[in-house]
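Here is the structure we will look at, set down as structure tokens.
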Amino acid sequence: MCGIHGKGSIRPSCTGSNICKRQYGSQAWPNGFVFRYQVQGVLPGSDQATMEASFERAWSKWARVCPYTFQKANGNANVTISVVDANDQFFLQNPQTQAYANIGPSGGEQSYVRFKGPAFAQWTPSAIHTLFLHEFGHVLGLSHANDPNSIMSAFIGNMFSERELTNDDVVRMQGVLSANGLSYSYYKRSVAAGKNSSAREERSKTHWRRYQEIEGKK
């Protein structure tokens, strides 16, 4: 859950039932869970292909530290990434918030990430990437971090730059998995990633080229 706080940084809004639980969420998704996403709406200054490239670029960083898969849905989505206006109830209650998401499993397989479309006149690919990197950390089960440099910090610095996960983010993700009896091997994940279909690999390459084209025009 993220809102503006100072130049170039954003601050999540934690109120009511979404009050910040520092460090760790309480649950993890089952081992091998597949997140199948669909996108509803387009952010100002962007397009769906660019948004998807930013989402998948962000996911590629989480993919290195958790045993899950993230792919575009084909009619059976369990993650809805939507663009809504400022009249969304949560945004009305938290006017400085730019996006929010569920924290880990909540009794079912459905998850959501919601962006406030009018938050910025022009959403750059890097801003979309970095905000999604934070919000999907919530979906994975992480709440806000105490480390101010963490991507999961309540204050996200350099939002308009492409941020990376920090060691704190990685350790905390491993903590959520371990607390729920799961383990993770980057080697196994890398092998599994190498077995993707050629069609999916080509789609990812196309998205990445699109991402680079947009970034190069900034």
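Quick reminder: no glycine exception, Cβ is built from N, Cα and C everywhere.
Listed features, source TrEMBL:
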ACT_SITE  Glu135  active site
BINDING   Asp88  Zn(2+) 1 binding site
BINDING   His134, His138, His144, Met152  Zn(2+) 2 binding site
DOMAIN    25-179  domain 'Peptidase metallopeptidase'
Task = Report the nearest neighbour of Asp88 (Zn(2+) 1 binding site) in space among the recorded positions His134, Glu135, His138, His144, Met152, comparing Cα positions.
result = Glu135
CB contacts for His138 (Zn(2+) 2 binding site) [other CB atoms within 10 A, all chains] = 24
Note = Across all protein chains shown, the binding-site residues His134, His144 give the max Cβ-within-10 Å count at His134
Inquiry  = Going by a 10 angstroms cut-off between Cβ atoms, which of the recorded positions Asp88, Glu135 has the sparsest surroundings?
reply    = Asp88
Message = Distance check, please: Cα of Met152 (Zn(2+) 2 binding site) against Cα of Glu135 (active site), rounded to an integer number of angstrom.
response = 8
Query = So what pLDDT does the domain 'Peptidase metallopeptidase' (25-179) average out to?
reply = 94
